[in-house]
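What TrEMBL says about this one:
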type     : residues : note
ACT_SITE : 213      : active site, proton donor
ACT_SITE : 358      : active site
ACT_SITE : 462      : active site, proton donor
ACT_SITE : 481      : active site
BINDING  : 567      : Ca(2+) binding site
Ligand code: DMJ
């Protein structure tokens, strides 16, 4: 794997240079090559955490002092031998001592009875939101869970894009929830809901919506439900019903046609961000769009094209991806987060993994998994390499060595210079994508960081400032990203740790967000004040991933079919209809098939349902050594 060698080479080079400078001039790793902004997490606390002898420890709290101070590896090793140490060290060392370790104790087993209880809790959570939506809000788009009312587009204030980008006056929550009903095994309600959609939903509306949102929440759900309905093997039970005449597919097609004007009159092929469903691109439309918005249409448009035999949709979506890709920086290989669709100039030069960019990366890999187009895989791997080289900071290995835990920061796309000291809650999806790419080690660490933030606030603040150890933006709109990654990591590792994480998430959602008629957006993650809004992704993603985490026997896991989740959590089968080559030809999972990387090639994404990425002996130990868990907890201010 060339990129790995390159990274290792650079690291070795950097260490050698640092060593030489250190020996010759007393200059340490502050003279870095490429990594010229150090993470700085209130380091004096870390020194305290790992200090074994307060009298001899210097009061120097600097990064370089810590680098050359006691090493985590040494600390962990010393801790494992705690029995022979003098008594003054015992209470501290006990924290890291096998059976007595607080983390190992807390996260080890997860009894089956508790799993069933959590599954039930997740089911009830979904129905409390869904039933109240149906009772108080349908046919409007969303439920206001505090006032027990429906919500549609903000017609009085067309510039309220927070609402109007998503709400199109098309029963959004019902459509977005369709396949969750099947995941929960409720065939009759699924059929009733499908019939309601067919009878009542029309896209012939004077609504100006965001192309991306309409695509992932509405189009994605319609094609997912259609595929599940018409699957000849009916893995979710007898879902099909007499008289179904592909109406959901027709609706999806109708919507996609109404989105097509976004791809016209753009000099780059990158689409306009919004369209009016009746009249096309508004005359006063801006020429700027975010990378994720323009570049995350390929999965849904590609499936639609392949289902109806009209390549137009896939073609425009692919042209947009290619255009964005061609505008990446020559120096770093990174893309920015906002672009002018006419000039191709980057308006937002920030490159990160969260808002504005997240699903762009996700869909490069998922498009490849679904359609088998090599181009998508090559783009994804090149992007992943740039991310590892320029966004990732901290120690090289998640579970070994010294230094800060790995973290992905926001950088300038051209220089790789860090731009700010916050990460956002959307980035919490990335460990799930890393699992799909077979990089479980990095996934474990990044997930652990977000989980620590969750533990501190009982939610994820929209933006968290890792330097200040405080939220920068305080709301939490019931987002699914952390539970999505938790679910995928559980599928990859089967480690009970992730069931505990899911239980924590469930319980804090119950405690902090449940209101009279549903679950409400947290306005302030510290004070726990609320906003009267329940976004549709709460039912389509958050509840679905929570339920699936605890339902190991779900047909999704046991039917023998392989499924992929769209970025809105809609399930689509990995089906030979959608690809030239069959899945098993691309990702064989015989014994040892994934052990060695292919020559001259990067490793393929993991087929998480069949392939064992984690050795058996490691499966029930903590995914991350407790010394590192403790380090992360400390870094987010948990103690
Ligand atoms: C969802 O609509 C999708 O997951 C999207 O990709 C971005 N995030 C929201 C939920 O947070």
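Yeah, the Cβs are placed from backbone N, Cα and C, and that goes for glycine too.
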### Task
Specify the secondary structure state of residue 213 (active site, proton donor) as given by DSSP, simplified to three classes.
helix
### Task
Report the recorded positions (213, 462, 567) that meet this criterion: Cβ distance to the nearest atom of ligand 1 under 6 Å. Use sequence order and write none if nothing qualifies.
567
### Query
If you draw a 10 Å sphere around the Cβ of residue 462 (active site, proton donor), how many other Cβ atoms fall inside it, taking every protein chain shown into account?
21
### Task
Based on Cβ atoms within 10 Å, give me the single least packed residue among the active-site residues 213, 358, 481.
213
### Summary
residue 481 (active site) falls, by three-state DSSP, under helix
### Task
Tally every other Cβ atom lying within 10 Å of the Cβ atom of residue 567 (Ca(2+) binding site).
25
### Message
Tell me the Cα distance separating the residue listed as 'Ca(2+) binding site' from residue 213 (active site, proton donor), rounded to the nearest angstrom.
### Response
11
### Message
Between C-alpha atoms, which of these recorded positions comes nearest to residue 462 (active site, proton donor): 358, 481, 567?
### Response
481
